[in-house]
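Student: Pasting the feature list from TrEMBL:
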| type | residues | note |
| --- | --- | --- |
| SIGNAL | 1-28 | signal peptide |
| DISULFID | C153-C189 | disulfide bond |
| DOMAIN | 219-358 | domain 'Lysosome-associated membrane glycoprotein 2-like luminal' |
| DISULFID | C332-C369 | disulfide bond |
| TRANSMEM | 376-399 | transmembrane segment |
| DOMAIN | 378-408 | domain 'Lysosome-associated membrane glycoprotein 2-like transmembrane' |
Amino acid sequence: MVYFRPSRLSGSGLLLLCLVLGADQSHALELNLTDSSNATCLYAKWQMNFTVTYETTNKTYKTVNISDLSNVTYEGSTCGDDQNGPRIAVQFGSGFSWIVNFTKHAPDYLIDTISFSYNIHNHTTFPDAEHKGIITIDNRVALNVPLNDIFRCNSLLTIENNNVTQHIWNVLVQAFVQNGTVSTKEYLCDEDKHATTVEPIIHTTVPSPTPTPTPKENPYVGNYSVRDGNSTCLLATMGLQLNITQDKVSSVININPNSTGVTGSCHPQTAQLRLNSSNIKYLDFVFAVKNENRFYLKEVNVSLNLANGSVFSIANNNLSYWDAPLGSSYMCHKEQTVSVSRTFQINTFELRVQPFNVMEGKYSTAQDCSADDDNFLVPIAVGAALAGVLILVLLAYFIGLKRHHAGYEQF
């Protein structure tokens, strides 16, 4: 946990207390605003990341993922007054800001607008950008929440506008907190009312395949890569099979690499591979560094159109798969299952990934998965069993032979 020192908001006499949970890579933010009497007046907890597409100087387009929310500040956050409503103001990275405005219309309050600003002059994040300066994207939300209710939305919320996609999930927010006490009465978003809530799933071993029916044919194995400037920074080779359960109906989708688009981004502590196709809006694999010497698959986000016309969206950033040392790749020839939620699993085939320290666009030495290691145990176990049987047969033969000779000696 990282705590920020309290600071007075200019002109408002409010005390700002900010707590960032898991500031390293979990993206979980928690904000508690108190007034001059030290009573809570606004509470919020949420997770988010962003995708920005921009035009380069050679008239092509690049997409970057903004997921590193380190060095967060909250200048401008306020509980509001008689003239202005509450506001959450977040600053992070190099020139990024995110602002949520609330208004009061009794018996409700509104999550009114959400604004996202980014400085495209930042050459590190936006190399070779054609346009310069700060760009602000304003989005009208106008979501009504009853006063004295806390708004909860665990489902993935996506806001798209002007080449910017905002992903927000695990939201818990209450503006206009009454009597300094955050309400225990929840007002759920529509997505949570009609979908199964994603529960964090942490695995340290490869789980057994789910009973979801799978097609007879395995998916094609595709080669995917992400570039950072002129060099390749992420490599992935895998066949992907998506298993989805919605309204007690199971469906399976094999991803065809020949018709799948690839984007992503690379940072010192995180790397993202994003796939998309005609029916898959995005399928994100987010990798992270742990203990400064290993990497693992930490997060999967997906949004896709199902055959029945509905949209299926899930996000989970509490995963623990594909663990390997930095400077190496992770490889697993056998089928594996990544359990993102109770309603969404990914089967992988002929998997090999390296999200960090790619040299000359080639994989480094691979660390095999435990499933492949088991392949060596099978022949050893079979050989040992056969050897045991052979020894028993030989013992029975010699014992029988000895008894036979003893019988002749009696005559």
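If you go along the chain as it appears here, the first residue is 1 and each next one adds 1.
Cβ coordinates come from backbone N, Cα and C, glycine included.
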Student: Just going by other Cβ atoms within 10 Å, which of the disulfide-bonded residues C189, C332, C369 has the emptiest spot?
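Tutor: Comparing Cβ neighbours within 10 Å for the disulfide-bonded residues C189, C332, C369, C189 has the fewest.
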Student: Between C369 (disulfide bond) and C153 (disulfide bond), how many Å separate their Cα atoms?
Tutor: 36
Student: When the domain 'Lysosome-associated membrane glycoprotein 2-like luminal' (219-358) is classified with DSSP, how many of its residues are helical, how many are strand and how many are coil?
Tutor: 3 helix, 98 strand, 39 coil
Student: Return the residues near C153 (disulfide bond), defined as same-chain residues 6+ apart in sequence whose C-beta is under 8 angstroms from its C-beta, sorted by sequence, else 'none'.
Tutor: I168, W169, N170, V171, L188, C189, E191, D192
